Amino acid sequence: MWIGVVSLFPEMFEAITRYGVTGRAVDQGLLEVDFWNPRDYATDKHRTVDDRPYGGGPGMLMKVATLRPAIAEARRDAERRGCAPARTRVVYLSPQGRRLDQRGVRELADLEALIVVAGRYEGIDERVVEADIDEEWSIGDYVLSGGELPAMVMVDAVSRLVPGVLGHGDSALEDSFSEGLLDCPHYTRPETIDGRQVPDILLSGNHAAIRRWRLKQSLGRTWLRRPELLEGRALDREQQRLLDEFIAEQATSQNVGRTEERRPLEE
């Protein structure tokens, strides 16, 4: 997959192009990431990349005269690579955008070319959004200093779904949210830590039972911690049965806990 990034601080992206899963993907040629810095399109001696907003007020906006050429050049590069326009998308990281979730990540990973625009200052001219941006995306309802970190989140999430990037073919399928659910608990050696033991089922070697346990824990953890993810979700018969079992086990555990709290101390 090819990803183009428009950013005033391309050096920040070395965190994902040189390290970890995405760094290995770049080294192996599975993922290619190129950069366009609007500052390279400045014509004045100060290489100005910001401008005052009409109407006054605090803050500055990214300069149109340097931002648009960077986006246009990234689009042309995608075309030169033979990427179909219908499978090329320019996205802008913005608080006004669609919330990024795993379904959205899958949509973006199906593209041939993804161009990510990382904003700075107070944002970009609305006319640039209308003319040059295909979609706006957000990673959450909070304020950051710029779009580079959200862009890195998007690039990392998308690259994980590129065939061959993850070492194990099922890793992406088993990630949290891959099926709209939280992940199940995981355990490694040793079998006992401070008196806490690995669940017996995981030591049984019964792969069918382990799969069932993991699905139950995934459903239950979602019900406990992110119940909104289950709203409107149609569970199949097995999923509903496992969730009901988990809820019943939780109720039993809580009742036992309350009984223990009320038990008088022995004299």
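Including glycine, each Cβ sits where the backbone N, Cα and C put it.
Database features, via Swiss-Prot:
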BINDING   GLY119, ILE139, GLY140, ASP141, TYR142, VAL143, LEU144  S-adenosyl-L-methionine binding site
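Structure coloured by features recorded in Swiss-Prot.
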{"residue": "GLY119", "record": "S-adenosyl-L-methionine binding site", "DSSP class": "coil"}
{"residue": "ILE139", "record": "S-adenosyl-L-methionine binding site", "DSSP class": "coil"}
{"residue": "LEU144", "record": "S-adenosyl-L-methionine binding site", "DSSP class": "coil"}
Among GLY119, GLY140 [binding-site residues], residue with fewest other Cβ within 10 Å: GLY140
Candidate with the highest Cβ count within 10 Å, taken from the binding-site residues ILE139, VAL143, LEU144: ILE139
ASP141 (S-adenosyl-L-methionine binding site) CB neighbourhood, other CB atoms within 10 A: 7
